[in-house]
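> Below are the features listed in TrEMBL for this protein:
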type: REPEAT; residues: 20-63; note: repeat 'WD'
type: REPEAT; residues: 112-155; note: repeat 'WD'
type: REPEAT; residues: 194-220; note: repeat 'WD'
type: REPEAT; residues: 221-264; note: repeat 'WD'
type: REPEAT; residues: 265-314; note: repeat 'WD'
Amino acid sequence: TSTVFIFDTFHSSSKLINTFTGHTKLVYNIDYLTFGDCQFICFGSHDNTVRVWDVDNNKQIQSFNEHASYVYCVKFSSYHYSDHHQNVIYSSSYDNTICFCDFKHNKQLQIFNGHTDCIYGIEFSQFNDGIYLCSGSGDNTIRLWYVEASKSLHVFNGHESGVLYVDISPLQSNNKNNNNDNNKMNKIGVIGGNGYTICSGSFDKTIRIWDIETTKQLNIFKGDTHLVWSVKYGSNGLVNTILSGSEDKSVRLWDIRSGGQIQVFNGHTNAVWSVEYSPFVIKNSSDNSNVICSGSFDNTIRFWDIRSNKNELCKIEGDKRR
């Protein structure tokens, strides 16, 4: 049985506050979102299922068995909730599909077909209320989907091997008002040149940046010595950076403008599966943007200060059972 833990903060005295048990095999991915007054977490697993838990009541409220193989990634859809008052989860799988289900009413809504190999990472856009979905696949391509019309808009070609993780650039400061007509999509689903990009990490040991509108590759980052498990755009003060986690056990920070590597954080003893910027509010600190965290196959979550290559702020030990 696979177990997922929640901790209160990243301090050295961090306490376990909740445990979710139910999956019978490895949990690949989780997502969290608040719908109204309720907090939910969803999980995607090697046991082919997607499960949803009510955080406040520590209760599993839904389990989906729509996929024919492993579920690599799960995401709550803010678009469906804000526009249609539906509680919807998207999940990508080794069965080459993306499935989305209404977990409140326990029904499958749609399946996206198009990729010709397993689908790893998926991510919603922060702009246009999450109306775009990006996916990375073992077929070496990235696809951009128009959620409202359930259609594939673009295919991005260039990686020499499977695409493990994708992210879409954060909301631009001049486009914060989503009600602005200039920030809306037209009826045929074409983005109006807002300058948004996609970053991707791959089995080919590279990170690449793509222009969403033209599908052209803008930049390629080489430096990881093994496959790249995860990539993440920065925001706020770190808007021009990308964070990556690799099979070579490293966490790396990249400068988008120069294409160069800024920092390397070493300490993990196994592959780094996931990375994130400033996940918590830090007590007695005026600047949270300097903190990043990473999750690894070494069963630890580690927190780092980006102002120092060597300053590991904290390490949280996870489940020791393999």
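Even glycines carry a Cβ here, placed using N, Cα and C.
Mind mapping these onto the model and telling me what they sit next to?
Each residue of the repeat 'WD' (20-63) gets a DSSP state, and the totals for helix, strand and coil are 0 helix, 29 strand, 15 coil.
Same-chain neighbours of the repeat 'WD' (112-155): 69-70, 72-73, 75, 77-80, 82-83, 90, 92-100, 161-168, 170-172, 175, 178, 183-185, 189-191, 194, 196, 198, 200, 202, 210, 212, 215, 230, counting only residues six or more beyond its ends whose CB sits under 8 Å from a CB of the stretch.
Secondary structure counts, DSSP: the repeat 'WD' (194-220) has 0 helix, 16 strand, 11 coil.
Broken down with DSSP, the repeat 'WD' (221-264) shows 3 helix, 23 strand, 18 coil.
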> The repeat 'WD' (194-220): which same-chain residues, six or more beyond its ends, come within Cβ distance under 8 Å?
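Non-local partners: 125, 127, 132, 134, 136, 140, 142, 144, 154-156, 158-169, 172, 175, 183, 226-231, 233, 242, 244, 254, 256, 259.
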> Across the repeat 'WD' (265-314), what does the pLDDT come to on average, as a whole number?
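Result for the repeat 'WD' (265-314): average pLDDT 79.
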> For the repeat 'WD' (112-155), jot down how many residues DSSP puts in helix, in strand and in coil.
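When I sort the residues of the repeat 'WD' (112-155) into the three classes, I find 3 helix, 24 strand, 17 coil.
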